[in-house]
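Copied over from TrEMBL, here are the features:
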ACT_SITE  174  active site, glycyl thioester intermediate
BINDING   25-30, 49, 57-60, 73, 96-97, 118-123  ATP binding site
COMPBIAS  555-577  compositional bias 'Polar residues'
COMPBIAS  582-595  compositional bias 'Acidic residues'
COMPBIAS  596-608  compositional bias 'Low complexity'
COMPBIAS  639-650  compositional bias 'Acidic residues'
CROSSLNK  165  SUMO1 cross-link
CROSSLNK  191  SUMO cross-link
CROSSLNK  237  SUMO1 cross-link
CROSSLNK  258  SUMO cross-link
CROSSLNK  416  SUMO1 cross-link
CROSSLNK  624  SUMO cross-link
DOMAIN    8-409  domain 'THIF-type NAD/FAD binding fold'
DOMAIN    448-535  domain 'Ubiquitin/SUMO-activating enzyme ubiquitin-like'
DOMAIN    545-643  domain 'SUMO-activating enzyme subunit 2 C-terminal'
REGION    545-650  region 'Disordered'
């Protein structure tokens, strides 16, 4: 007869009380997970999170209360979880998991690692540390009503990085500065403008008209006389935006006339831009004040954040926000800078006003503050119930691993609507490792296309190795028979190389570089493919990578009928079919019938039409498959603004 302790077999219950587990992240999923672990019987838990508690967390991170605002998430989560089970041994770290102190030996002391993270860089790092330590990892993520849980085990399953993921969606500078055609272009411009005026200036975030736009192909000398910009302080002057703003004392009216009148009139002189586009219409503060103010005094109904104001309403919001931000700068003192934060009302008001005024100028429908905030912060509304479901699934997969039943683990998708089999939870067999993975293959190797005469060593280190390939502290040597050290993780050793081009070190087409990250116990061989034909503003390309293309359709009708799950990348349901209300129960479908379908075939679609998600509903999902266009959100402009609000699930 099986002996039970609560609802668990005695052997499993004993294992829970002795095994040590690591929880990475103490936000929306992390809080639910920590509570679940102690109530299930786990006694030795370590939790790590760098973040502090914000008032916006309180509606879904139930281990926190108002009195905890400003305190360490990990520490408070520990204290709250201990109230459920005082006998548990919980260690909290208010730190980044990417800190070198948490090395491979640190990971090896755990039987299981559970991710409750919010950004790709940290996910990549934990993935590599678990591979190096040969420890099972349970990866998870949520995006609104969607969620996913998967298990990663070295040599048995795909790792988190086995399939390439699309990079953050960016826009050409000339589109942002000269020819915006979508609201997101205006919102990005407004965020750039905030930094140019009040924050840290970045040459890549210029907001003034781009005279180098290849599409304009105009002659400034011949057309300058046609610009009728104001002769007052609003004149277009070739100095930095911040310097000009300071010279006016951050006068809101002068800023307005420069940004929304003078700069627009300057754009109008670039004739070729407007031959096939509707030309922008400049705004003048005085004219608006005289003509539009009386028309907009009628109060607008509805929630304040969801109201779309008129043009003069956004003019007033612009004026008020500039005055408030100016006061904040003055309080901080000479040379101070402000950081844009979607949860800072004056900063959000500024971006809302500036973006909407620009939308109006370029004949787009204006957006509510709520909509602007959603796009500016890549926010997918965090749903407490989704976090709770996913946290429960993490524990169930963990129990399988600790029972020695790793082969029965699944990738599980939580869908927003039931699929054709009336299931909300759909499990898929774990895929085996990819032979071409540049992380978990036996000899990781990639080919990078770049211009060796234009790519600096610093760009190789920061943009390629750290940003693209997720290394933390890379060491690079050239395989030239001499073992020339190009980059050293030891501070100061190769700093003099940073400003030199790769070609200066004899690197050419066909050269090979060996990059090592000793913290991650990871080595990557890089084949250099020299080219002078990269697109404008593209520094490098990883050869053979096409993450933004949809996977080929599956034709196996038997598999289609068996699972009918949505695209794995966004954990979306496969069709727009809606089940009757009575069938809305959440059902775990880990049956033998569906268990035979792999997660790679779960993208198959039945005779219904695949439902498309809007951008605000997808975000980066916690999968390992290439994304379709409709599931690709304007993701990750800022992966780490808030642990649930910005979903970086990949």
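Every residue, even glycine, has its Cβ placed from backbone N, Cα and C.
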Next item on the list: Please determine which of the recorded sites listed here (165, 416) has the lowest count of neighbouring CB atoms within 10 Å.
Entry: 416
Notebook entry, point to check: How many other Cβ atoms are found within 10 Å of the Cβ atom of residue 49 (ATP binding site), counting all protein chains shown?
Noted result: 28
Margin query: Rounded to a whole angstrom, what is the C-alpha distance between residue 174 (active site, glycyl thioester intermediate) and residue 49 (ATP binding site)?
Written below: 39
Note to self: Please identify, from the binding-site residues 59, 119, the residue with the sparsest Cβ neighbourhood, meaning fewest other Cβ atoms within 10 angstroms.
What the structure shows: 59
Item checked: Integer average pLDDT (0 to 100) for the domain 'SUMO-activating enzyme subunit 2 C-terminal' (545-643) -> 36
Item checked: Pairwise Cα distance for residue 119 (ATP binding site)/residue 416 (SUMO1 cross-link) [Å, integer] -> 22
Notebook entry, point to check: If you count Cβ atoms within 10 Å of the Cβ of residue 122 (ATP binding site), leaving out that atom itself, what do you get?
Noted result: 21
Next item on the list: Calculate the distance in Å between the alpha carbons (Cα) of residue 28 (ATP binding site) and residue 191 (SUMO cross-link), and round it to a whole number.
Entry: 27
Check: Near the Cβ of residue 25 (ATP binding site), how many other Cβ atoms are there if near means within 10 Å?
Finding: 31
Checklist line | Nonlocal residues around residue 96 (ATP binding site), in sequence order (Cβ under 8 Å, 6 or more apart) | finding: 48, 50, 122
Checklist line | By Cα-Cα distance, the member of binding-site residues 25, 49, 59 nearest residue 258 (SUMO cross-link) | finding: 59
Margin query: Tell me which of the binding-site residues 25, 49, 59 ends up closest to residue 165 (SUMO1 cross-link) in space, Cα to Cα.
Written below: 25
Next item on the list: To the nearest whole angstrom, state the Cα distance for the pair residue 59 (ATP binding site) and residue 416 (SUMO1 cross-link).
Entry: 21
Notebook entry, point to check: Cα distance, residue 416 (SUMO1 cross-link) to residue 49 (ATP binding site), nearest Å?
Noted result: 29
